[in-house]
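**Q** Swiss-Prot lists these features:
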- 22-104: domain 'Lipoyl-binding' (DOMAIN)
- LYS63: N6-lipoyllysine (MOD_RES)
Amino acid sequence: MAVPNELKYSKEHEWVKVEGNVAIIGITEYAQSELGDIVFVELPETDDEINEGDTFGSVESVKTVSELYAPISGKVVEVNEELEDSPEFVNESPYEKAWMVKVEISDESQIEALLTAEKYSEMIGE
């Protein structure tokens with residue numbers, strides 16, 4: 001199971017890629033495999049404020065609905081609108097096509113507190 005080294009991870013199975021002062025957030029390959037076929041993705045609006053630990057959307061699969069938890073706080077600067085019409089991207093390409101939101105980072109220390117790829121791999125038993 002892919003756990004890219006350049007990303008950071010939350011215990012709730014979100015990944016974070018930092019580009020300057022923006023964090024790109026999605027769900028991990030492990031999370032999508034546990035959920036099964038994704039049929040719907042609900043995301044926040046651009047300019048919404050999200051807070052670390054709070055829900056910022058949900059992913060619906062044929063099995064269940066799973067909340068998305070913000071790994072960091074900040075302002076949503078972009079939403080992946082392709083997921084509205086193509087939720088299957090979450091299964092097919094969790095780290096590329098299926099990024100969910102881009103967030104302006106409000107607290108750098110929250111990035112440092114996330115798991116490394118090695119720690120996340122240990123957590124999921126890889």
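Just so it is clear, glycine is given a Cβ too, placed from its N, Cα and C backbone atoms.
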**Q** Give me the DSSP three-state residue breakdown of the domain 'Lipoyl-binding' (22-104), ordered helix, strand, coil.
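**A** Its residues divide into 15 helix, 35 strand, 33 coil.
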**Q** Using a 10 Å cut-off, grab the number of neighbouring Cβ atoms around the Cβ of the residue listed as 'N6-lipoyllysine', all chains included.
**A** 11
